[in-house]
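Taking it in order: structure first as structure tokens, then the write-up.
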Amino acid sequence: MTDTSNLVLEVKNLKTVFFTNSGLFKAVDDVSFTVSRGETLAIVGESGCGKSVTALSLMRLVPDPPGRIVGGSVTLEGSDLLALNEAGMRKIRGNRISMIFQEPMTSLNPVMRIGDQIVEAVRLHRNVSSKEAQTIAVEMLRLVRIPEPVRRAREYPHQLSGGMRQRAMIAMALACRPALLIADEPTTALDVTIQAQILALILDLQKELGTGLVLITHDLGVVAQTAQRVIVMYAGRKVEEASVEALFAAPKHPYTRGLMASIPAVPASGVAAQERLNEIPGTVPSLVRLPPGCAFAPRCKLAIKRCEAEYPPLADWGGGHLAACWRAAEVAEVA
Amino acid sequence: MFAYLVRRLFLMLVTLFGISVVIFFLLRIVPGNIVDILFAAAGYVDPADKANLEKELGIDQPLVVQYLHWIGGFLRGDFGYSYVSEKPALQEILPRIPITARLAGLALLFSASIGIPLGVISAVKQGTRLDYTLRVVSLSGLSLPSFWLGLLILTASVAMFGQIPIFNPNPATWLEAFATYAVPAAAVGFRSAALTMRITRSSMLEVLRQDYIRTARAKGASDAAVNYRHALKNAILPVITVIGIEAAFLIGGLIVTETVFNIPGVARFLVEAIRWRDYPIVQNLVMLIAVVVVSANFIVDMLYAVFDPRIRYTD
């Protein structure tokens, strides 16, 4: 399915756990995926499904304590990040692998000038003078289409709008031309009109720089517009993986189908609006006390005895379409 | 900015006026004046002599007249004459100021240069044995009165070196000067350092949870860069506030410390003057201290704008 020579990131059997007062829980449980150069992989799921922890695990920024990566491997451009020491990992962060966060309002240091924050990222990884780094910072701000980049570089975050701050974050993340960019809900906190601009910007820059992109979102609409491949996560596990086309054409997991059904449809003119949105009944189970079988079974209309007893393995349904469901074959027919 | 400054300076003047009234009348409420004290010591009282002396010193006049006389002189820089030494009050006060200023400055320097780094370390190592140790030490710093700590230091130096540190009024070298002031400054500064440490710690813990700290780590910044360049700069405002307030509290600590260590500074002089009801000395000295404290507060407010670009004083 993917050309391995072009592989930027390969995650195998990643396991991240949290030690809490109420017990140990597996935030990321046995998750594997790959990202190729220039490819966009979307990770989709509800709040608390482990998508953000997956992203932080790739950066090795899971707060420890209480979290810890306990298994698997994360191979970026051929080197295993989990085997590196902290100093080695610092050389990778912000350099070969970068991250954009959800909250542009709080993700920039309020007492540092925008330009200086980008300069810092550049000088940590490039052997350039402060003046050259300044030039690079202004160029990056121009690249993310911030008007008057020279003036903006001298301003503080509070002088910029949310959209502008997210652009500045993107400029900072891409300043060292990383091989992989992780965008954790980059548009969730923004106005709808700005969301589309920021997404378009990320995709343009990705194409221009050939960066691999891991896009974390709960918005299937965003997935359809941007990604080539999708991973659906539920309760810390990967429950489905497919190309965007295959996933939207024929989802194999009832959870994925539920997510798609809960997207509100705009009624055609003249047609009465649907009164109530479709929702998936119930809530995500407590990760501390997961059932032995499929974690989604208690909320699943198709659940059978086996679902509650045994966890379904990821099965290949052809063309790299993986799904972890005992009744995957019936999902398409039922709904 | 200019309008803000003008308003702020006006408020400072109002504050100082209020303080002057309080000082003046509090001093008059305290029973007895210098004449009572002198005559009580002499053991016999001739009411006529007493009235003469009171008239000579001007303390027989109505309080309002006395107040206006004093504050008018203060504004012109005429501090009057000490009742005790009969020398100009200014001449008595001025030479003692540098001694106390050095002590106070050194104590504040200790409190900032020890309290802030230890606070950062304690926050970064939260929950470790080092953190607990530092917190216990700082708690003891807050609980020990500085005069008692001073006495402990003196007792300990007698026990260990057989002598107590003696104040050296004319230190020859910079090092000698430091040695003269360091011990009493440490005794006063311990409390401030402990307070500074605790405020730095809690402020740092708050900041270390923020999203931009994660961003800094995601850039590949080292722990030191994250803790000092990113976190401390955001955590420093409450610390500055506390150090500003401590600058005022320090005067109180110095009064007893100067007495304990036998240092001829302003603070000990003030206590002596109060005992003799030496109005010109007490009033003017307390007024000067008030000016320093009010100015320190003003400087702290200005520093806010320096450290946090979001704070701009506009109207």
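Glycine is treated like the rest: Cβ placed from N, Cα and C.
The domain 'ABC transmembrane type-1' annotation in TrEMBL covers B:97-304.
Feature annotation from TrEMBL assigns transmembrane segment to B:9-30 (among others).
The transmembrane segment annotation in TrEMBL covers B:103-124 (among others).
If you look up TrEMBL, you'll see B:136-162 (among others) marked as transmembrane segment. Using a Cβ-Cβ cut-off under 8 Å and counting only residues 6 or more beyond its ends in the same chain, the transmembrane segment (B:136-162) has close neighbours at 118, 183-184, 186-188, 190-191, 193-195, 197-198, 253, 256-257, 259-261.
The transmembrane segment annotation in TrEMBL covers B:174-194 (among others).
Summarising the annotation, TrEMBL assigns transmembrane segment to B:235-256 (among others).
Annotation source TrEMBL lists transmembrane segment at B:285-307 (among others).
Listed as Cβ neighbours of the transmembrane segment (B:285-307) (distance under 8 Å, sequence separation of 6 or more from its ends, same chain) are residues 8, 12, 15-16, 19-20, 23, 74, 93, 233, 236-237, 240-241, 243-244, 247-248, 251, 266, 269-270, 273, 313. Using a Cβ-Cβ cut-off under 8 Å and counting only residues 6 or more beyond its ends in the same chain, the transmembrane segment (B:235-256) has close neighbours at 100, 103-104, 107-108, 111-112, 115-116, 119, 145-147, 150, 188, 191-192, 195-196, 199-200, 203-204, 206-207, 265, 267-268, 270-271, 289, 292-293, 296-297, 299-300, 303-304, 307-308.
Taking Cβ pairs closer than 8 Å, the transmembrane segment (B:174-194) reaches residues 102-104, 106-111, 114-115, 118, 137-142, 144, 146, 149-150, 153, 165, 167-168, 243, 246, 249-250, 253-254, 257-258, 260-261, 263 in its own chain, all 6 or more past its ends.
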